[in-house]
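Trainee: Reproduced below are the annotations present in Swiss-Prot:
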type     : residues                                                              : note
REGION   : 1-26                                                                  : region 'Disordered'
BINDING  : Gly36, Met37, Ser38, Gly39, Gly40, Val41, Asp42, Ser43, Met62, Gly151 : ATP binding site
DISULFID : Cys127-Cys223                                                         : disulfide bond
ACT_SITE : Cys127                                                                : active site, nucleophile
SITE     : His152                                                                : site 'Interaction with tRNA'
ACT_SITE : Cys223                                                                : active site, cysteine persulfide intermediate
SITE     : Gln367                                                                : site 'Interaction with tRNA'
Amino acid sequence: MDEGIRASGGIRACQTGKQKQGRKRPVTGKKRIVVGMSGGVDSSVTAWLLKQQGHEVIGVFMQNWEDDNDDEYCSIKQDALDAMSVADIVGIDMEIVNFAKEYKDRVFSYFLKEYSAGRTPNPDVLCNAEIKFKAFLDYAMELGADCIATGHYARKLEQDGTHYLMKAVDHTKDQSYFLYRLQQHQLAKAIFPLGDIRKTEVRRLAEEAGLPTAAKKDSTGICFIGERPFREFLQRYLPTSPGQMVTPDGKVVGEHIGLMYYTLGQRKGLTIGGSRDGNGEPWFVAGKDIPGNKLIVVQGHDHPLLLKPTLSMADLSWTLPDAPAPGEYSAKNRYRMADAACTLSPIVDGQASLTFQEKQWAVTPGQSAVLYHGDICLGGGIIQ
């Protein structure tokens, strides 16, 4: 972070493991809550709401990436400045804490490993489990926090000592999918103030409070890539290996620039027209032949190879103390898809399978399958 940001009044910048503040406990019965401030409207309103409720609120801006803070696509400096402006208006202290090493070691290395193996990972899921609700949570506890708060759209219910992760009231913005790897000890120390509020109301509250992020556009895409072209970014870290695009029967219809740049169900960017075999339908990625370095493509959105009745998942993680029993549930195998009715198999050797009532489109290895019982997020695993 540059000196202009460090010098801002009331703001501290530090590396993790260094210069932790020894803050005295407030005399009141209100909680000390450390809020993860991203510079967006959701975390801004989260901090404002908690301050309005009378809690002692401390803001922390997490700097998770620093390889290219000065390039045209990186928004981290502006995001930090926006977070500072919000902290000023809300009337809270804020710190800028560098988690870049933890992020590279725990999240980005996994991201590269998965892509190099031809899979499509979801680093935001791992970022939540390893950074926001582990490294950041640990840091907050050293500040004497009772709990942490984030701007995620999710809810938490505590009953008889068990913490249940639940979907947000606003199902169109629900982010429980990205939080499925949180475990009981993490949920016990986390709150989600926006879980009962719709996004339109969040923006209205931000406007009423005079927060500068009220109209700020929501961030999209993978956090450390930002708005930059994905292929351009990945080429910095992984070598390309061009090969053939083939149909399921082996007919060559084009060339790919590297298997890692494609994901199942992808239509755009294949650079092959719909007339190669005469039917005119668009082409979709249906699979990857990793040993042969071939990309398997098919024509038609509903081609049989794009529709799967089952999926297997490993690296399982459950939000409740015990794994769910085999039986009937619903699941998502990608964010923003509707819940699909399914049956969970018995868990054997850390793996399980889901069988769906209706075939699922473009089930993608490396992505997460997340299991639900009604609004309760039970956890899930990585699609194999």
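Just so it is clear, glycine is given a Cβ too, placed from its N, Cα and C backbone atoms.
Could you give the neighbours, burial and distances for every feature on this list?
Mentor: The secondary structure of Met62 (ATP binding site), as reduced to three states from DSSP, is extended strand.
In the shown protein chains, 25 other C-beta atoms lie within 10 A of the C-beta of Cys127 (disulfide bond).
Cys127 (disulfide bond) falls within a helix when secondary structure is assigned with DSSP.
For His152 (site 'Interaction with tRNA'), the same-chain residues lying six or more positions away in sequence with a CB closer than 8 A to its CB are Asp42, Gln175, Phe178, Leu179, Phe192, Leu194, Gly195.
Around the Cβ of Gln367 (site 'Interaction with tRNA'), a 10 Å sphere holds 24 further Cβ atoms from the protein chains shown. In three-state terms derived from DSSP, Gln367 (site 'Interaction with tRNA') belongs to neither a helical nor a strand segment and is classed as coil.
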Trainee: Expressed to the nearest Å, what is the distance separating Met62 (ATP binding site) and Gln367 (site 'Interaction with tRNA') at their Cα atoms?
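Mentor: Here the two Cα atoms lie 25 Å apart.
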Trainee: Any idea what DSSP makes of Gly36 (ATP binding site), helix, strand or coil?
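Mentor: Where Gly36 (ATP binding site) sits, the three-state DSSP reduction gives strand.
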Trainee: Roughly how many Å separate the Cα of Gln367 (site 'Interaction with tRNA') from that of Gly40 (ATP binding site), to the nearest whole number?
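Mentor: Cα-Cα distance, Gln367 (site 'Interaction with tRNA') to Gly40 (ATP binding site): 26 Å.
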Trainee: Near Ser38 (ATP binding site), how many other Cβ atoms are within 10 Å of its Cβ?
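Mentor: Ser38 (ATP binding site) is surrounded by 22 other Cβ atoms within 10 Å.
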Trainee: Look at each of the binding-site residues, Gly36, Gly40, and point out the one with the fewest other Cβ atoms around it within 10 Å.
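Mentor: Output over binding-site residues Gly36, Gly40: least Cβ neighbours within 10 Å is Gly40.
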Trainee: Let's check the environment of Asp42 (ATP binding site): how many other CB atoms sit within 10 Å of its CB?
Mentor: 24
Trainee: What is the interatomic distance between the Cα atoms of Gly36 (ATP binding site) and Cys127 (disulfide bond), given in whole Å?
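Mentor: Approximately 13 Å lies between the Cα of Gly36 (ATP binding site) and that of Cys127 (disulfide bond).
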